[in-house]
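What TrEMBL records for this protein:
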DOMAIN    39-113  domain 'Mce/MlaD'
TRANSMEM  7-28  transmembrane segment
Amino acid sequence: METKASHVTVGAFVIALIAGFFVFVLWLSKIDVDSNVTTYRIYFTSSVTGLQQGGPVRFRGIPVGRVTDIRIDPANVERVQVTVEIPEDVPIKEDAVASLQIQGITGASFVQIGGNSQESPRLRPAEGQRYAVIPSQQSMIDQVFESAPELLDRFLVLADRATQILGPENQESFSRILSDISTVTGAIAKRSDDIDGILGDARGTMADLRQAAGDLSALSQNLQASVSELSDEAGATFATIRGTSIGVDEQVQGIGGKLQASLAQLNAAATNFSQVAERMDNLVGDNEQAVSDFANQGLYEFTLFLSEARGLVSTLNRLTTRVERNPAGFLFGDTQRGVEAE
C-alpha cells in the first residue's frame, strides 16, 4: 500500500509540474486563452531584417498584438508574408497602413500600424481570402537605404570636386588669398581708432536721425491738424462761392445783352487795330534806316537825357520838400528878426 501511495504522489507531482510548465509557456507567449484575436496578413516588398516571430505589433505606438509567422509569399517570391494576431476589440479599418519600424538601438524591428480614420469601415477579408490583408508602405529606414546609393554617388562627386579645388594648382591661389586677408585684417587693426571714430559718428548720426524722425512725427501731426482746419474753412468757402455763383449767374443773365454789344464793339476795334498795325508795319519798313540811326546814336542821347531828367527830378523833389517845410521862408526869405528894445 505504501508503494502504491508513493507512485500516486509522484505521478500527481509530475502532472502538476507539466501543467505548471504549460501555464508558464502560455504566460511567456502573452497569450490570453480567454480573449479572441483576429489574424491579419501583411505583405512587405522590402527587407524585414530584425523582425522575428513573437515580435510586437503596435497601433500608433501602443502594443496591440504580435507576429505569429514570417515567410516568403508562395504566390510572389518578391514579397515577404507576415502574419499577425490582433485582439478583436482593436478596430483595424480599411485605410490602415502597416510599416516596419526599428525599436531603440537594439536593431529589433516591429510592425507599426497607422492611418485608421474614424469614418473608414472595419477591415474584412476579401472574397476568396482567408485573412484580411493590411496594406504596407515603406518605412523611413527603407527610404533612406534605397536613396543611399544616390547619396553616395553625390558624395563621391563632391569629394572629387573638393580634390580638384584643393589641388596643387589652386594651393598658390589660396595662399595669396590668405595673405591678402591677413594684410586687410592688419590694416583694419592699425586703423581701429579711425573705425571707432566712424562708429561714434554713426551713432551720433543715428541719434540725430531718431530726433529728426520725432520732429517729423510732430510736424505730421501739426500738418494733419492744419489740413483739418483748412478743410473746414474750404467747406465754408465753397458754400460762400456757391451762393455767390448763383448771384453771378443772375447778374450775367442780366448783362448778357450788354456783353453782346460790347463784343461787337470789340470786334470793330480789333478790325481797326489790325488796320493800324498794318500801317505801322509799312511805316517801320519805310523808316528802317531812320530807326537804325536812332538806335545807334539817338538812343545814347536819350539815355543822357534820362540821366539829366533824373537829376532834375531829384532837385525838384528837394525843392518841393523845402517848400512844404517852410513856404514863407522860401518865398520871402528869413524876415523874422527880433524887436529892438527902446
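Note: Cβ is positioned from N, Cα and C throughout, glycine not excepted.
From a predicted model like this one, the values you see are computed outputs, not experimental measurements.
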Tally of residues which DSSP labels helix, strand or coil - the domain 'Mce/MlaD' (39-113): 0 helix, 43 strand, 32 coil
Mean predicted confidence [pLDDT] for the domain 'Mce/MlaD' (39-113): 90
